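Per TrEMBL, transmembrane segment is recorded for A:112-130, A:165-187, A:199-217, A:246-263, A:275-296, A:327-350, A:371-391, A:403-424, A:431-454, A:460-488. Annotation source TrEMBL lists domain 'STAS' at A:516-640.
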2 protein chains.
Amino acid sequence: MEPNASNSMQPDHCLEITPMEVHKVVPPPHRSTIQKLKSRFKETFFPDDPLRQFKGQPLGKKWILAAQYFFPILQWGPNYSFRLFKSDIVSGLTIASLAIPQGISYAKLASLPPIVGLYSSFVPPLVYAVLGSSRDLAVGPVSIASLILGSMLKQEVSPTTDPLLFLQLAFSSTFFAGLFQASLGLLRLGFIIDFLSKATLIGFMAGAAIIVSLQQLKSLLGITHFTEQMELVPVLSSVFHNTNEWSWQTALMGFCFLVFLLLARHVSMKNPKLFWVSAGAPLVSVILSTILVFAFKGQRHGISVIGKLQEGLNPPSWNMLHFRGSYLGLVVKTGLVTGIISLTEGIAVARTFAALKNYQVDGNKEMMATGLMNVIGSVISCYVTAGGFSRSAVNHNAGAKTAVSNIIMSVTVMVTLLFILPLFQYTPNVVLGAIIVTAVIGLIDIPAACQIWKIDKFDFIVMLCAFFGVILVSVQDGLAIAVGISIFKILLQVTRPKTVVLGNIPGTDIFRNLHHYKEAMRIPGFFILSIEAPVNFANTTYLKERILRWIDEYETEEDTKRQSSIHFLILDLSAVSSIDTSGVSLLKDLRKALENTGAELVLVNPVGEVLEKLQRADDVCDVMSPDALYLTVGEAVAALSSTMKGRSSSHV
Amino acid sequence: MEPNASNSMQPDHCLEITPMEVHKVVPPPHRSTIQKLKSRFKETFFPDDPLRQFKGQPLGKKWILAAQYFFPILQWGPNYSFRLFKSDIVSGLTIASLAIPQGISYAKLASLPPIVGLYSSFVPPLVYAVLGSSRDLAVGPVSIASLILGSMLKQEVSPTTDPLLFLQLAFSSTFFAGLFQASLGLLRLGFIIDFLSKATLIGFMAGAAIIVSLQQLKSLLGITHFTEQMELVPVLSSVFHNTNEWSWQTALMGFCFLVFLLLARHVSMKNPKLFWVSAGAPLVSVILSTILVFAFKGQRHGISVIGKLQEGLNPPSWNMLHFRGSYLGLVVKTGLVTGIISLTEGIAVARTFAALKNYQVDGNKEMMATGLMNVIGSVISCYVTAGGFSRSAVNHNAGAKTAVSNIIMSVTVMVTLLFILPLFQYTPNVVLGAIIVTAVIGLIDIPAACQIWKIDKFDFIVMLCAFFGVILVSVQDGLAIAVGISIFKILLQVTRPKTVVLGNIPGTDIFRNLHHYKEAMRIPGFFILSIEAPVNFANTTYLKERILRWIDEYETEEDTKRQSSIHFLILDLSAVSSIDTSGVSLLKDLRKALENTGAELVLVNPVGEVLEKLQRADDVCDVMSPDALYLTVGEAVAALSSTMKGRSSSHV
């Protein structure tokens, strides 16, 4: 080291960077526009590369693979054994005992005739068994989709005054939900459901659970004049303005069965091996309450019952679908919302259990399967179905091995439809209410909410918005608000990307955030910034202002020595994954603005795509000079500080 | 090097990485949630730190600074000199000569009475001179906003059958445009205009220019029965279905003046010093044509003229504003669209000239100034005004120094309104058409379009969508389509973030994209991935699938030696600027999935915010083990390969 090293223009601690060969930034290998578009297209719509396994196979094998792709039953069917069947029959019967009371209850939740819930537990599971790729999903009506379907249709048509039209609209909505789900899968737009974040879903589910539970106060208290609205305020006011209608017999019965069901749920949660306790409890409650009502002539004591159900299998309903007319907008919208929500739940459930058993579930394939299931269902008197969480958990715990458990369940429901329906005549509505409350209470996930609060405050706000939106405004508006806020957050991140001032960690050539690593040090004469986002039209204005303000702040800082004004602005572009025309202009403008202050712009490590665009712009814009482009910040600093030294000594 | 270095488990070229002290990843300095929210809030809404200059000033000085902030005239006013005034009077008179014919023409473009265009060139420039921060902006009616205002209002109200209502709606829209602009500035939401990318604007402007020019065929050909629609097809069909209405005298006159104006424009473009040629040409044309019509009794030859204009200054119009009623939705929507568009143009123009003269224009302040200008204008018979590009360019070229040139222009217009109006009675409409065509032709920017094609094909597509959307569908739909596509592109980038496989550049500890830097080499036993985007709910599903597929592909590659299966997956998080709860779950899931294959997950250089969230999640999720976190990829590889060596030798 020279003796006059006290000259602060000479960045002395830079000398520790070993003067090594400077590496050139090279352009990426040439690819044509078509090739680039193709690979971008593939990465966007086929990130899972579904045709991978077809490569290099003979034609016959390809046909078999294709058939297996569309009908996963062909994949696991040939290897099906009696041992697997034994497991499946146990789990199938278990979920059937849950599916029958839940089917009736959820149909009531959607303001549909109870029998439609049973129809929907018969056909869709059969379709899913052939098309679906999950081994654990138990298919049937689900609470949230039922709630949304009912609440959206009720806004325009009353299920009590015009039940036939309401039913037609429900089937039509189911058709469009299925069509929409299948199209999402076919067009490989499955990522749309990714915009429902975990936080949104937790808040939404909890809100929906409360709305659903409040609705059950009608049957639990035996109120006859109940509001048609869904929100917290009108429901509570309806409950407390009709106290004269409360029936103590109904309330007592409801309370007892609710306690019984919640206890059963508690037992199964404490010990998953006792899954059959909670799985069997609803059926036991139904049987017990039906016997009670029948024995004590409950109707005479003001306990309302389901009433007579028509025996027989699903009637066709294709002539009930609305493809035109004034309600088309309503059914399309309802189909869209219920379709997305039930898809989100189903795929999340399928993925959870697939991860537990270590197999893959293909999101787009699942969408096509669910979609077809709903389209077929809609022409044969079924309403929206999906893979429900609680039922699939029971299925999994009961030891289901394949989709055969769905077939077993379906057959059991069929037997019920054909022979056992009259027995439900005396089943009291209050017990159905208790079953629904027990089912949805599990959707309120307080530990997850606490964890979100702990990790990310903004996510927590999104969750609260979804929650309060659902219980105070309306189910679909709460969801829309939460999705809107989530997307707004993403856009805000894009509009306000992070810029970080880097400093050198002494003794190394590592450069890190000055405000994070306290030992990192500024290098006199250099200002090193890292941009941590794609640079595009939405953030170039901000970036320009922010970068110029960084420099301005630095130069007016009191502890900055006057002689170490900025000679080089080094922009580390490692994290800039893409750039557009506005971004290229930004660099051009920055260079010009810096030239006015006598500083130079140096770019470090632009990635392939960015480098290419800069080079293409070069002959028009003069963005890059070849000596202002380095592979690492360390090399840039080392090379430039020797230039600077030379320059300053020539001035002396 | 040991002689048995051929053992490929031992990554021999790694030895070149000097075995240095491994640097710890430290958590960022602690800040409370409130502090973090505050700094995030500031960075989002006050990125320009407008209160910076107030810091440490005495109270009196603060008041002065605040007054100067809101009324920039107080900033430059006291230093105003006669020398500056000489420049300003020249430029003011120049732009006045342009503003008078353009004001009349643009009002006709918006289907408003010509006099409203003059009113709008009188008051708004005065307001802007007091509030605006640009020294070059020349304020008045602009072509695009006039076109949009007219076309949107025409969809519901006809300007010919109900001119008074149309005028009322125009003033009301102006009021809401101003209110909206001022609110954007006040709420510091100025970044909303950033969502109109350069590509969108170029396409939109070119489309609008064509629509506007086509509209002028009515006056240029003297057609009396012209369609009220704006789009290409109906306008052309209207032109060619009314060939019998074409008036050769009008067409001849229009052609001559068009050639004259275009020539004048061409001269000024070739030699900017001759700016006065194109600036004066419109006024010369108006005077010349008026004299011609008057001398030859042009009306008798089918040449339509403006007609009698009422002398006098702007009448008040506050009683004409619609704040309720059936048209409220229309005027709010029109105000919103015209407000945003004129703001975008105005701010872009102000920034362009500020950059040329090296002074700052504050976007949010400009919005408040423009907004107030329009709110005041709307109550005194002005319609939407903004800083127009062509007029401001003339102003700049004519040597304008301050906003006083706007005052000069305003006074000139006032004199016109008071005394000279009767002289316009014989001005033919055809010459106004020629003036409009000449003005808007400059909005078609073909070189910029070529450059966009060269740099970014996707931006080019966005541009084409805006262009064809405007000329084929409608002005506002074309704009909406282009903005929608731009935002979709951003969301797509977020949903499909880039993951890049890194390799070591031999002889260094630099790690770069394997597919870009051909000399980069894989290190056996390691798989090094860099994620180049914030990790959030919208991309975790994709990232998980993609990362697992990377590993899968690598392990099934033919040239991979069997013995070098992956022991460590190193994720370089340098470019992950933020993470949310879903992202934290992703890392947890990845760790679990890798454990099944016997590999370990190692994280490198998480930035402050990400590190904090991972740590907070740690006690619940077990995401990070302390020995799986390094500061650089090089250090991670160096440290882990020695572990691996130890492990493999203990197996032997």
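Backbone N, Cα and C atoms are what each Cβ position is placed from, and that goes for glycine too.
If you count C-beta pairs under 8 angstroms between the transmembrane segment (A:403-424) and each of A:112-130, A:246-263, A:371-391, A:460-488, the highest count goes to A:112-130. Under the criterion of 3 or more C-beta pairs below 8 Å, with sequence separation of 6 or more, the transmembrane segment (A:165-187) and the transmembrane segment (A:112-130) qualify as touching.
Tertiary neighbourhood of the transmembrane segment (A:460-488): same-chain residues 147-148, 151-152, 195-197, 199-204, 206-208, 210-211, 230-233, 337, 341, 449, 452-453, selected by CB-CB distance under 8 Å and a gap of 6+ residues from either end. Note on the transmembrane segment (A:246-263): residues 219-223, 278, 281-282, 285, 289, 292, 298, 301-304, 428, 430-431, 433-435, 437-438, 441 of its chain, located 6 or more positions outside it, place their CB under 8 angstroms from a CB of the stretch. Per-residue pLDDT, averaged over the domain 'STAS' (A:516-640), rounds to 80. In terms of C-beta pairs under 8 Å, the stretch of A:112-130, A:199-217, A:275-296, A:371-391 lying closest in packing to the transmembrane segment (A:431-454) is A:199-217.
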